[in-house]
Structures are given as C-alpha cells and as structure tokens.
Amino acid sequence: MDVKIGAIDTCKPPHNDVGCLPTVNAVTVHNPAVPFNSPESTLGRHLARRLVQVGVTDVFGVPGDFNLTLLDHLIDEPGLNFVGCCNELNAGYAADGYARARGVGACVVTFTVGGLSVLNAIAGAYSENLPLICIVGGPNSNDYGTNRILHHTIGLPDFSQELRCFQTVTCHQAVVNNLEDAHELIDTAISTSLKESKPVYISISCNLPGIPHPTFSREPVPFFISPRLSNKMGLEAAVEAAAEFLNKAVKPVIVGGPKMRVAKACDAFVELADASGYAVAVMPSAKGMVPEHHPHFIGTYWGAVSTAFCAEIVESADAYLFAGPIFNDYSSVGYSLLLKREKAIIVQPDRVTVGNGPTFGCILMKDFLAALGKRLKHNPTAYENYRRIYVPEGHPLKCEPKEALRVNVLFEHIQRMLSGDTAVIAETGDSWFNCQKLKLPKGCGYEFQMQYGSIGWSVGATLGYAQAAKGKRVIAFIGDGSFQVTAQDISTMLQCGQRTIIFLINNGGYTIEVEIHDGPYNVIKNWNYTGLVDAIHNGQGKCWTTKVRCEEELLEAIETATETKKDSLCFIEVIVHKDDTSKELLEWGSRVSAANSRPPNPQ
C-alpha cells in the first residue's frame, strides 16, 4: 500500500540556511505498517528513520558500552552511515560542520564519559544556532531510582550530572528510559531542534533500542513543522517606520549579520539590496551568507580591521540597517565600533528596533526585509561614494628566489584556488583575518566559528562539512596550535575517502593569543606534522603530504594538490616566521587586549 503524507524534503537548504526546514512536499511511503513483534518495530529503527527523514545521512560518534545496541540499529538503517571518530569532541565538531552544510547534524556517544567529552562541541553549536541532535546511550532503565552506583559516572547514586550539564547548552532534553513514551520524547526532541535551530540532548537507555513496541509498528510519519508567522499589523508598522527612517537618509547602507542564517533571511536580504541600491556589507561572522559578486557589495565590516574602505562607508553613513547582528567583544574589535544607535535599524530574527525609537516584536526578519524592499527609494549614494574612494588592493612584495614564504603571498595564491566547487573552513586564529580578505566566487562555501572560537574546531568541522557536501572540495586553514588539539581525526577523513586540502600554518605557537597577551605559554613544541599525517595514513586510503618553505614549493604543492592528487586528501604544511601575521590581527589583538584589561569599576 502506498500512502501520501506530508514530508520535509531533505535537500540541502539554499544559501547554507542552517536549520532551514526544506520545503514541504508529499512523498510516497511504501508499506508503512510494520507488524507488532516484528524485529523492525523498535525504538532504534524509529530513531534511525527519523534521522534520515530530516536529512541526516551520516551520524558521527564513538562507540561505548552504553550505546552499542543502539549503534546496531543505526547502522542497520540503509539510508544512514555511522562515521566513527577518534574522540567525542571531534564527533561533536563534525556534527557541527555537517549541520552547516546539510541543515542538521547528529552525533552519538556513550554515557557521561562520552557526553561530557562532546559537551564543548555542543556548546559551540548552540552559540552558532545549529540544529544538532546529540544522542547518548544511557544506563539500563532498571537502574533509574535504585540508588546504585554506575561506572562512567562520578561515583554518586544520583547519575543525573550529565543531564544537568546539557541543560545549559541545549534547547531541549529527553531522557528515554520507558518505551511507553519513547516515541513522543524522541519526536519532540528532534522537532524542537529543527524549530529552534539549536542542539538537543536525547539519552536512550541501553536496554531499550532493540525491544519491539506497538508505538513503533508503523513507519514514522514525516514531520510537518508549522511555519512561524509575523504579526501582520506589527509588520506593517515596522516597515512604515523603517521606510520613513531610511528614505530620508542621504547615504544609507545595509549590513548582514550571522543571525540571517537562523532567520532564513539570506535571500530576503539580497532582494532588499537589489531593490534599494544601497551599499552592502557583511559582518565577519556572516561572510559567505551574502553573494560577494553582488554589484553593490563593499566587503566585510569589522570596525578597525574591516576590508579596505568598507568601514569608512559604513561608519560615515547617516543610516544603517543591520540584519541579524551580534555585537560581541570580538566582532566589535574590543567594543570600538564607531556606530551610533540613533542612526541604526537593528533587525533580529523576530523583532525590529528603529533608532532610539520603537521596537516591534513578533516580526520575522525575512518578512520584514522582503516588505521593506518594496517601500524604499532607490539610493546608491553610499555605493557611489565607495567607488569614488576605492583604490584596488596592491600585491605583496615579490619574493626573491627561495625566499622564506610570507603569509600574504600564501593567500594571494589561495585566492586563485577558489571556485564554486570549493568551500573554505577557517580555524580560530590568524586564519580568521586572512580568510576574511578572500573574495568568494559564486557558490563558494565559507565557514568559521566566531562566536564560540574554540581552537581545534576546524578539524572535526572539516570532516563533517566534507561528508555533507561531497560535491565541494573543502580547503581548510588550520594553525599549528589548533591542530595539536584535534589532529587525530585526519584518520577519519582518510577512512571516509575525503579529498580535502588542509593548509597547516606552522608558525610555532598560538599567534592570536600572542597579539592579545604574550607569554612563554604561547610557544608550543614543534611537531613533524607531515610525518604525523603520514603515520596516520599508514598506507590506507589516498593521502599526500608536503612541506613548503618558499613560493616555488607552494606553487608546486598547489599544482599537485589540484591536479595529480585531486582525488586525495592533501596536507600541506606551510612553514612561516612566528611573527608573520596579518596587519588586521595586530590591530584587533591590541584592541581586544585593551578591552580585556579594563580595570574594575569603582565600587
């Protein structure tokens, strides 16, 4: 029997709108009825089917005694692939990267020792508004409330410490220790992650996944998530106030922020830019969300470390609209932005504030931007001013033969590698600043973790992103200090047959921290990084490594990685001077240092 039911199309969301529930369509489900007492009418099968339905085809994790039975059921699902990682932290980072490319990610770990290991990655996903389903194999259902002491705990009969830790970094928690309500708990958790675009925690008792139960006797009906709606009267009032504010301005600009992604408003922002003619910039953490080939795109607005001539246009404007901004100490360069509240319209995912005046709530960003574009007068003044003052960027000083490679020379050649078939992953550190200056071609992906800024994130995130976006070749930029935190999962990339290009920037330490506050703790022991990757490779899978010290070696390495080794994982260790940093990091570091060093307010 074929039955038509509402479904969520699991295609990749456009514009990397993470958490964007793809369009609702009807799909055909074959033979939805599974006989009760069938070995298929189980919790484990239901969870596996749910993951596939929402778009997860790869689950990252580490096996442990509490999740082994559950893993049996996950790997039995034809549409689901288990990717075993070297540790739980990297599994969480991989699910983070996967969610950025696919729209939702998932990881599975064991109780407490696994859960607390993955916790840091879940916190990062929470800060970045990523829908991530964290599944933990929990204690036997008979152990709850017995006052027993279990292994993998801190030795107390109350073993709820893992749950309490997850409560602060997830939007919903479900502890499944009874089959009667397991169906409801699992479905509520997964749907909440999709609706809120945040991680959720699901703990499943280790003895439950394989037991048949009537609630799982039918194919799970795909979710229909009710769309959020704007308050119509509030929307009209907000648009009228904003249009009046902007139409009387002489040289207004619009700036995209990172929350456009969770608001699914990237397309609406571009439509507003097209309609208004305003100069268009992005905040650093929104790079990649707005097409940089847009005719009025002027670059990244990051205060004193903005791309050339962008800050001058934004900060001299008499009105600016910020869509989905996050003004933290990093994005504001130590709270040093030269912006005035009375000139700003701040558009958050569900509210709008116009200057020092009214705030309008219950308004979706995408609805507001779409409606506002129809009410604005075309005004390209700010962009015309940008064109008048713009001076094309120069080129780095030409290297002498065999001269030590400089970072600015490296990124000049990286720019030529980018295309719509590539994606850039930038690790926390100087790669933030160097990658911000890259001009992204149409379709080129771009990801970094600015709000949380956890060093080592990029190794796992690269693994997850590449697994989700197999049509793109990921190019990752990782500092040596960050790489030492999470290097092991190069192994998993090889096991998955990935063809990522990793540029390991070896400058002998934590360069970003040196520029904030230097000390001997920022110097790390040098590794033979290519030797380490060769040892991990161990002749299994396709892998190529090399060290480069000068421009000639770099060009040869890039040619090899993009031609003869285009189907291999390529690891290029770039050896540069310890003080070779971007000018933006020098400026940013001094301002963040000043913000960190503020004395206590007088009591």
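Positions of Cβ are set from backbone N, Cα and C atoms, glycine also.
Lifted from TrEMBL, the feature list:
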- ASP480, ASN507, GLY509: Mg(2+) binding site (BINDING)
- 42-147: domain 'Thiamine pyrophosphate enzyme N-terminal TPP-binding' (DOMAIN)
- 239-357: domain 'Thiamine pyrophosphate enzyme central' (DOMAIN)
- 449-574: domain 'Thiamine pyrophosphate enzyme TPP-binding' (DOMAIN)
Next item on the list: For the recorded Mg(2+) site formed by ASP480, ASN507, GLY509, name the remaining residues of the chain with Cβ within 8 Å of the site's Cβ center, in chain order.
Entry: GLY479, GLY481, ILE505, ASN506, GLY508, TYR510, THR511, ILE524, LYS578
Next item on the list: Inside 10 Å of the Cβ of ASP480 (Mg(2+) binding site), count up the other Cβ atoms and send me the figure.
Entry: 24
Next item on the list: Sort the residues of the domain 'Thiamine pyrophosphate enzyme central' (239-357) into helix, strand and coil with DSSP and give the three counts.
Entry: 40 helix, 25 strand, 54 coil
Note to self: What's the number of neighbouring CB atoms sitting within 10 A of the CB on ASN507 (Mg(2+) binding site)?
What the structure shows: 22
Next item on the list: Starting from the Cβ of GLY509 (Mg(2+) binding site), draw a 10 Å sphere and report how many other Cβ atoms land inside it.
Entry: 20
Check: Under the DSSP assignment, what numbers of helix, strand and coil residues are found in the domain 'Thiamine pyrophosphate enzyme TPP-binding' (449-574)?
Finding: 58 helix, 28 strand, 40 coil
Next item on the list: Summarise the model's confidence over the domain 'Thiamine pyrophosphate enzyme N-terminal TPP-binding' (42-147) as a mean pLDDT value.
Entry: 96
Check: In the domain 'Thiamine pyrophosphate enzyme N-terminal TPP-binding' (42-147), how many residues does DSSP call helix, how many strand, and how many coil?
Finding: 53 helix, 22 strand, 31 coil
